[in-house]
Amino acid sequence: MGVNLEAPPVHTDTADRSAQRWVVRAGWLSLVANVVIVCTGGAVRLTGSGLGCDTWPRCNGSSFTPHGAYDIHSLIEFGNRTLNGVLVTVAILTIVAVFRSARRDLRGLSVLMALAIPAQAVLGGITVLTDLNPWIVSLHLLLSMAIIGVCVLFLWRASWSAGQAATRPRGTLRGLAVGTFAAGWVVLYLGTVVTGSGPHAGDVDSPRNGLDPERLSQLHADAVFLLVGLTVGLVVALRVTGSYGAYRAARVLLAVELAQGVVGVTQYATGLPVLLVGLHLLGAALTSAALTWMLLETARPRRTTTSPPASVPG
């Protein structure tokens with residue numbers, strides 16, 4: 001199920017244009033829905049509701065819904081589980097929109113996005129069955145970040161239309177972009193490990209990973225400084241070379257990183273209040289999206305026109 005980065009075919013028929021618009025809308029729905037599910041999953045953890053449903057796929061005992069002496073934690077966890085139905089609906093709409101359009105190049109991606117939902121649900125179930133093992137929880141979140149990246153790829157491809165212009169950055173800049181992307185994922189990974197060493201486990205009896213949170217936080221901060229430095233260098237280099245789309249994507253990434261850094265420092269200095277931790281989690285999802293967009297823009301093939309690009313994610 002390969003991903004083709006070449007320009008999609010040109011379709012000028014009115015029906016084709018209408019179908020194309022629906023594909024783009026479905027792409028946005030998929031991206032937003034997956035960012036939202038990251039935030040609601042974070043809410044489950046931050047409210048201590050991770051084991052509100054103490055088993056999986058059922059909630060309590062033999063029931064798929066909370067019953068008996070259930071409490072607010074059961075309702076929060078069950079509510080988060082039911083949001084998978086929203087993701088499934090969005091995935092179906094996306095597949096229908098793609099298959100009704102002329103965009104054969106997007107069919108594989110739409111199916112991949114749909115298959116990611118049950119995979120993520122199963123991994124979420126494993127986190128419950130392992131009493132919120134912090135390493136499984138970390139993997140669960142990282143998979144969500146990867147799915148967000150796939151959604152950005154879909155939207156980026158879906159938003160292409162004939163006549164857009166782009167100058168592909170030189171090989172050295174492409175290497176810098178790949179390095180920035182890799183550094184970003186190191187930051188995301190270390191962020192999940194830091195989380196696994198601190199409070200907000202999802203349940204009062206859930207284990208932590210046993211690592212030193214202060215040392216991990218410093219390592220995480222060092223990785224963030226590296227990421228920001230690479231991104232600043234990329235922004236400057238892309239500005240000089242005139243790679244419009246990649247330059248804009250890199251600027252957005254830098255803005256997200258700086259905002260995320262402010263939230264991260266503030267939450268650390270104020271004792272990790274729930275609202276700031278939740279906001280930091282949202283920032284992580286946006287960082288994954290911005291990283292993917294930046295990387296894709298540096299891979300955009302050369303086009304033959306000179307008008308600035310339009311209708312790209314952002």
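Including glycine, each Cβ sits where the backbone N, Cα and C put it.
Bear in mind that the values here come from a model prediction, so they are computed numbers and not experimental data.
The transmembrane segment annotation in TrEMBL covers 26-46, 82-99, 111-129, 135-156, 176-199, 219-240, 252-269, 275-296.
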Checklist entry - For the transmembrane segment (219-240), which recorded stretch in the set 111-129, 135-156, 176-199, 252-269, 275-296 gives the largest number of Cβ pairs separated by under 8 Å? => result 176-199
Checklist entry - Where, among 26-46, 82-99, 252-269, 275-296, do we find the most CB pairs under 8 A to the transmembrane segment (176-199)? => result 275-296
Checklist entry - Taking contact to mean three or more C-beta pairs under 8 angstroms, with sequence separation of 6 or more, is the transmembrane segment (252-269) in contact with the transmembrane segment (275-296)? => result yes
Checklist entry - What residues in the same chain, six or more past the boundaries of the transmembrane segment (275-296), come closer than 8 Å to it by Cβ-Cβ distance? => result 5, 31, 34-35, 38-39, 42-43, 46, 141, 144-146, 148-149, 151-153, 156, 177-178, 180-181, 184-185, 187-188, 191, 200, 234, 246, 249-250, 252-253, 256-257, 259-260, 263-264, 266-267, 312-314
